[in-house]
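Reading through the structure tokens given below for one structure.
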Amino acid sequence: VPGPVVRVTEGDTVEFTLINDKNSKNSHSMEFHAARLDVVEDFESIKPGETKKYTFTADNPGVFFYHCGSDPMIQHIARGMYGVIIVDPKDANALPKADREYVLIQAEHYENPDDKTAMMQNKWSNVVFNGGVFKYDPVHDSEATGWLQAKPGERVRIYFVNAGPN
């Protein structure tokens, strides 16, 4: 949790294959906020044992959310079925060069991911970053690793996505 960061350049063709394991209990789909796709055709859920291929052109630079879009979508996201696509500008000089880059994906953690009522009422247990509570906070967690580091004068680029579900 979360899914992998996908990084492409503006204009690239993105091909993604979703395989829904035959032992899965749920239907699944993918919604790519970086894509212009046909809502009816491309966001259709696939049943356990099925496979679906998605292809789109990354037309717009930026940082985008992707997630399972099948019902109950809020539960799929709460279970960590989300990630980030970074679309770099085609013009390599469009952004100043960064000395360091970090991707932070914020989401809520629910003690019981089956409790749709808690999700709809925004009653989460913790806020997580990249799947961890206090993951980057040594003050509150002495075992925190992966601190976001930078030296004075360095240019740091942080890609931030709020994955929700709230």
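Count begins at 1; order follows the chain as displayed.
Each residue, glycine too, has its Cβ placed from N, Cα and C.
Copied over from TrEMBL:
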DOMAIN    1-91  domain 'Plastocyanin-like'
BINDING   H28, H33, H67, C68, H76, M81  Cu cation binding site
*DSSP three-state assignment for H76 (Cu cation binding site)*: helix
*Which residues of the same chain, at least 6 positions away in sequence, have a Cβ lying under 8 Å from the Cβ of H76 (Cu cation binding site)?*
N26, H28, H67, C68, G69, S70
*Give the sequence-ordered list of residues that share a chain with M81 (Cu cation binding site), lie 6 or more positions from it, and have CB atoms under 8 Å from its CB.*
G3, H28, H67, C68
*H67 (Cu cation binding site) CB neighbourhood, other CB atoms within 10 A*: 22
*Would you count the other C-beta atoms found within 10 angstroms of the C-beta of C68 (Cu cation binding site) for me?*
23
*Quick one, of the binding-site residues H28, H33, which Cβ has the fewest other Cβ within 10 Å?*
H33
*Which numbers of helix, strand and coil residues does DSSP report for the domain 'Plastocyanin-like' (1-91)?*
10 helix, 35 strand, 46 coil
_Limited to the domain 'Plastocyanin-like' (1-91), I'd like the whole-number average of pLDDT._
89
